[in-house]
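Residues or ranges marked as L-aspartate binding site by TrEMBL: A:E182, A:R228, A:H455, A:R496. Annotation comment: TrEMBL describes A:R228, A:D229, A:E230, A:Q237, A:E489, A:G541, A:F542, A:D543, A:R544 as ATP binding site. Residues annotated as domain 'Aminoacyl-transfer RNA synthetases class-II family profile' in TrEMBL: A:157-562. Residues or ranges marked as region 'Aspartate' by TrEMBL: A:206-209. The site 'Important for tRNA non-discrimination' feature in TrEMBL is assigned to A:H38.
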Number of protein chains: 2
Amino acid sequence: MTDLLGEMRRTHNCGELRATDAGKEVVLMGWVQRRRDHGGVIFIDFRDRGGITQIVFNPEHSPASHEKAQVIRSEYVLGVRGKVLLRPDDMLNDKMDTGAIEIMVDELKIFSHAETPVFPVEDRVEASESIRLKHRHLDLRRPQLQKNIMARHTASQAIREYLNDLGFLDIETPFLTKSTPEGARDYLVPSRVSQGNFYALPQSPQLFKQMLMISGFERYYQIVRCFRDEDLRADRQPEFTQIDMELSFVGEDDIMEITEGLIKTVFKKVRDIDVNTPFDRITYAEAMERFGLDRPDLRFGMELCNVSDIVKDTGFKVFASVVKNGGMVKAINAKGCINFSRKEIDSLTDFAAIYRAKGLAWIKVKEDGWQSPIAKFFTQEEKDVLAKRIDMETGDLIFFVADTPQITNEALGQLRNELARRLDLIDSNTYRFVWVTHFPLLEYDEMEKRYQALHHPFTAPLEEDLDKLDTDPLNVRSRAYDMVLNGTEIGGGSIRIHSQELQEKVLKTLGISEEEAHEKFGFLLDALASGTPPHGGLAFGFDRLAMLLCQEESIRDVIAFPKTQKASCLLTDAPSQAGVAQLQELAIKVVKIEE
Amino acid sequence: MTDLLGEMRRTHNCGELRATDAGKEVVLMGWVQRRRDHGGVIFIDFRDRGGITQIVFNPEHSPASHEKAQVIRSEYVLGVRGKVLLRPDDMLNDKMDTGAIEIMVDELKIFSHAETPVFPVEDRVEASESIRLKHRHLDLRRPQLQKNIMARHTASQAIREYLNDLGFLDIETPFLTKSTPEGARDYLVPSRVSQGNFYALPQSPQLFKQMLMISGFERYYQIVRCFRDEDLRADRQPEFTQIDMELSFVGEDDIMEITEGLIKTVFKKVRDIDVNTPFDRITYAEAMERFGLDRPDLRFGMELCNVSDIVKDTGFKVFASVVKNGGMVKAINAKGCINFSRKEIDSLTDFAAIYRAKGLAWIKVKEDGWQSPIAKFFTQEEKDVLAKRIDMETGDLIFFVADTPQITNEALGQLRNELARRLDLIDSNTYRFVWVTHFPLLEYDEMEKRYQALHHPFTAPLEEDLDKLDTDPLNVRSRAYDMVLNGTEIGGGSIRIHSQELQEKVLKTLGISEEEAHEKFGFLLDALASGTPPHGGLAFGFDRLAMLLCQEESIRDVIAFPKTQKASCLLTDAPSQAGVAQLQELAIKVVKIEE
């Protein structure tokens, strides 16, 4: 067959030729990164997935190729046959892997012309993110994105290899499925065959993976797309990828050991970083007490300090009344930060306000006593007790939040992270993992006036808390666990309920009627009664894990074709209008609010 | 943490213990396949993913376990600790892998009771397929389905390993995307954020994988779910899995070599079958001429024989007029089938009628001449010429179809396959691969009165046929190729158009206006102009490949949670009604036809 390639076939990539290859005849194929003309000779930085090599068109060596090369511009696609030459000593380039050689071209094929790119294909790009997303085919040519996508590939293959070796089976679950109760909004897919009915895209394969355990597959995994129609935050996508696992005949320890091994393997393969295992474990209660957040960043100290008991009877009514009304007063000690300006303190107060803290009290600990708007409200004895509890030393700056336990913890927990960033306390090359365990099984939804599952309704309660399900549901702890890395949750899971009776009881506690339970989860309840092994699992957010592995700030930089925060694809212009005929077949009609 | 498992952890699976393990203390966990009571002793066939082992509760050995075991019934889930004993000689079971041993139980944990299963968990199942699908968690416990799902896992991992080693990158493409022109109907997903607009679920990642080539990733693959909202045939699912590949800087030979290697690897790993490569190749024209179908089954002969030139001037007007009107007369020779009854011939005529053949002429070749309703229309000379062309010998039965080329080929091609089945000509252990190449680029759609792409609009025409695009479009051959196994297409692909000008020209030939082209494929056309490498690819239907690997008749037997031919999931009861509030958020309304 005749085609553009003819008999030409690539022998090497553009990143692998070295001085030791001198003299070889090679064929390279790739893109023009840059063209320079010098003394009648054309020099081209020639790029492919593997790297960059200099190729040379010399009119004295090959007049025909040189002539043909005249038209070449940036991003043209070429195939060249030539000889590897050592560069002259004064032309060596230590910064390039291939800087010791160049290719003297004998034969040139121009596969494709290229218009001038909208932005240059370089890591330092000035173009806005929306321009980059619109021209994603150019954006993806940039070395950093190429590296990210390749690292993501390496990560997913390392994960598969690790799990395969442990006897996990990669089993595919449906995408056109039934609405599941993950708490978020489903994407719906109208059915044409069964008009008026809808599929839901899965928020996770939760119920299917439990069915697979009930079916006896024992160890399941999948690297699988999931969907949530939520308003998007910076690090969320409407479709995201989950490393999803489930195991039978295991408890928490087994799952933690296996998933720690998985993380260790991935960090080694992708980044050559040795992660120490086993990871620390901390209960939810302890995490909240010490760090205010259920995803504590353990790379630095500055722990929260509960002073409610001390301040509850002091003359500072703001603190005292908060405690008396069931609230909480906590402090953190910004060691040595006495020189923070009023402006800096105000900016931190604004920061705490994002998390609904109504104010931020502070104390500067000076040689000669406290400098603080609130100092006057405390007796010396109270001051001494506080100073001891908070470990105050001269030069320290103390912050307090007094509010509901929830707001106090969150505002001060976030403030702790923010202070660490501002004070540069964080070593970005440290990877600090921790398991957070014993989450509450339920939380109370004030809006809907009912209990909600904190994890999901299939999470098992701790056996020793089972009797509190009736009497004190909010204090039932669950067998859920999250894996937290540097303050970010990267995975979470639980031991599941494997008894039909307990599952029915939990659903009832959640205020789900028997009828609703059977309509939504009847198949699970039936299956639970058919012989169910003890089982549990975990899911990692793969986009976020890849982002952390690549040291990127945005998950969009580790996804080939991401969506914007408005859930649109700027490259293809999705979503877009559907044809009238098609909507008719689906028996649906668009009825916008203005109609 | 306390839980049901306690300190008990599995040491072996139920398929791996042998006589050499005698004396070991082991822990097994699994399901009760069958219980027998014999002389006060309870014997249980104990099953897990790995196989079956006999476990024994002997009241003299462990009264407590024996007592606890009284309640055990089929499908209960247990954990047992016990000792491996050699079975007495008269109890050995050669049919079981573990038939030389049994486990004398010391400790029993009952993890789960089980209701009597709706159908027994055995390969020979009487239950209808819809009962099986409704109780898929039981169905999936059957050894054959367990084996299929595990074989599918083995296949997908073998494929990944093979492609990874060749430098292919597993890159994820979007599911919430734009309607693509694959020819089939899209599943739509209404957007909440952008009311009135819709995403489409991908029929294939075709355009994204081409964008990845334009982005310079050079070798891409994905094992990925795709969606087509078509009326379903027996071997189709609304969601199906594709092994999707694309490569840059290659021609047909490169892609064929790599994918042949992939198939060779998978058959070896999953079935220990050695597939010979390279595969034969046959052009579309030759396949149609010799076999009537573009997916010929080469495991047997009985090729089609074109006799149009012979019959066009004979006295048999039915044949002659068909040829004169542009039709075609072809025959197949069912060697030695002279004894077919009238009833058998009628049933074959009915079979041919499914493929729109209006009749099936036949000739029985006897010692003393033809026995045939049409014999009288032919002169002896014509008979001799026909006999020679069709290789008639005494004892043969010849069938003819005379119709349009399309109907003649299809009806006779299908008849050839049917005859081979009835005559048992096919060795089911033979795997006969063939490439079909040089498909027509276009076909004419009589309904829509315009050309359609036979493959898809991005398939490259053969370079030597380019000039016919304007003058004789139906005779332009494409650079598409299908991989056919035993008469089934298992994969197909093409070299793609990599020039913007040619792509625009082909879209124009397809009757797509410039405006429509830019609305639908503008991003591809733009990208093609930004420096595009020559590229091409292929996609395998993974469900079908898995089915052939598992020697199953239905793809539903290699999919964990398949849908029915009405595209519903009987297990979860999807699709189902959506909430009013949710539809309001999406700004859509159900308007059934009767309203």
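Heads up, the Cβ atoms here are built off N, Cα and C, so glycines get one too.
Sorting each residue of the region 'Aspartate' (A:206-209) by its DSSP state yields 4 helix, 0 strand, 0 coil. Counting residues 6+ beyond its ends, the region 'Aspartate' (A:206-209) has Cβ neighbours under 8 Å at 173-174, 177, 180, 182, 220, 222, 244-246, 456, 458, 521, 523-524, 537 in the same chain. For A:R544 (ATP binding site), the same-chain residues 6+ apart in sequence whose C-beta sits under 8 angstroms from its C-beta are A:D235, A:T488, A:I490, A:I555.
Here the recorded positions are A:H38, A:R228, A:H455, A:R496; the one with the fewest Cβ atoms within 10 Å of its Cβ is A:H38. Counting Cβ atoms from all protein chains shown, A:E230 (ATP binding site) has 14 others lying within 10 Å of its own Cβ. A:E230 (ATP binding site) and A:H38 (site 'Important for tRNA non-discrimination') have their C-alpha atoms 56 Å apart, to the nearest angstrom.
If you take the C-beta of A:E489 (ATP binding site) and look for same-chain residues 6 or more apart in sequence within under 8 angstroms, you find A:D294, A:R295, A:D482, A:M483, A:G541. A:F542 (ATP binding site) sits 19 Å from A:H455 (L-aspartate binding site), taking the C-alpha atoms as the reference points.
Largest Cα-Cα distance over the residues recorded as binding ATP, namely A:R228, A:D229, A:E230, A:Q237, A:E489, A:G541, A:F542, A:D543, A:R544, equals 20 Å. Under DSSP, A:H455 (L-aspartate binding site) is assigned to coil, being neither helix nor strand in the three-state scheme. The Cβ neighbour count for A:F542 (ATP binding site), using a 10 Å radius and every protein chain shown, is 27. In this model, the domain 'Aminoacyl-transfer RNA synthetases class-II family profile' (A:157-562) carries an average pLDDT of 95. You'll find the Cα of A:H38 (site 'Important for tRNA non-discrimination') roughly 56 Å from the Cα of A:R228 (L-aspartate binding site). Under DSSP, A:E230 (ATP binding site) is assigned to coil, being neither helix nor strand in the three-state scheme.
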